[in-house]
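Feature annotation from Swiss-Prot assigns active site, nucleophile to T224; the stated evidence is sequence analysis. Among the features that Swiss-Prot reports, substrate binding site is placed at T184, K213, T224, E311, N451, T456, with the record citing sequence analysis.
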Amino acid sequence: MAAFARMVKGQVRSYSAPVDMAIPASKRKFIPSSGSYPKGFVVSGTHVGVKASNTKFPDLALISSETPCSAAAVFTTNKFQAAPVQVSRDIIKTRQGQGIRSVVINSGCANAVTGKGGLEDAVSMGKKVDECDGLNEPSTLVMSTGVIGQRLPISKILKKVPVAHANLSSTHDAWLTTARAICTTDTFPKLLSRTFTLPSSPGRTYSLAGMTKGAGMIHPNMATLLGVLCTDAPIEPSALQSLLKHSVNRSFNSISVDGDTSTNDTIAILANGAAGGAPISSSSSDDYAAMQDILTSFAQSLSQLVVRDGEGATKFVTVRVQNSPDYESGRLIASTIARSPLVKTALYGKDANWGRILCAIGYTQGVAPGTVVPEHTSVSFKPVDGSPVLNLLVNGEPEQVDEERASVILQEEDLEIVVDLGGGEKGEQGLGGEEAVYWFCDFSHEYVTINGDYRT
């Protein structure tokens, strides 16, 4: 028992300042050493000390465009919506997704369930950024992350906003520092960027960058999950909103760490069009279709970093539900498996207990009639090394499982669970149907320790 206590103590990342410990060696591979960032965007990460114990780490992030942007966002469905969620939602609605210049984010305090005063604090954060830009209309989205039920040290934040504005930069180091500033229990900053082209301008290069944070309280439905994406492609607000909604549904809304949905979850995207070209406005255009694929793939890669940093996680698990009669039914089944504590703890214990997976499939609520037919259902483990799949259940019949091989597969950090519904009532095994993919992690002793100590 003493040895176990020492092991857990060595792993724990207590909630304090953003990324206040050395980044674990196993996570360093996820931190980019360079990037391709969109034209016209500048960023900064500044120390405020929102949380009293934070004496040196950046905890105020500012992302700004040198020109007005189209903007879109998706927000938490939690009924206790934090003040910055309410304020940002109102700004996008009032401005109709036009003329947005910046996003300001603090870590260390969620500004959630803080009443009228909390709303005033969120408004004042955005207004202070607008003043630095010489703007009279609300043009800054606001996000916060941290402990719920506490007021922001707003005077400290407002004092540092001009400093953050003065430090705005387009360098890779600035982007990485900004990604660091939004972290709480995260063990590493989550930042990605890429270039792309569009069919209408094959010779023109565009860039897309994004940062996110989250390690616990992750089961979004749009620890706290926040994300900001920026592109220099020209996209009209209505098209941008539909593009974001589609991509988030297949990325940030398809991950789970612990099944909890935060009061603050927000994913926003800004498009300033600085790279030129014809604006994307119609969902029927080739550019729209290409951008949808690009944004969805990018958002999936970014959201998967959250799962890889799940509190106490030792495994990154992909669950792939095939041959569902419709996408949403497949996603509901994948989500139920991903949320199951029994599945997650079995994976942590390296136990090929496929009965727990089958149980989760069977009690999934809200799926289309005929989606789950026991005699059509198959479950398997797919190794990431490309070796043959390990069948656990085929057409409702259990396989003679090679426990030794199952143990080898479960020793790996990455694992894929494949659930084949056989198309339900629509057809034979393996024919037709939709595919839904979800990403999640296991439950370990460390998760309990981290969250038991969260406010201390």
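Backbone N, Cα and C define each Cβ position, glycine as well.
The structure, with features from Swiss-Prot marked on it.
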residue	record	Cβ neighbours (10 Å)
T184	substrate binding site	29
K213	substrate binding site	30
E311	substrate binding site	28
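Secondary structure at E311 (substrate binding site), taken from DSSP and collapsed to helix, strand or coil, is coil.
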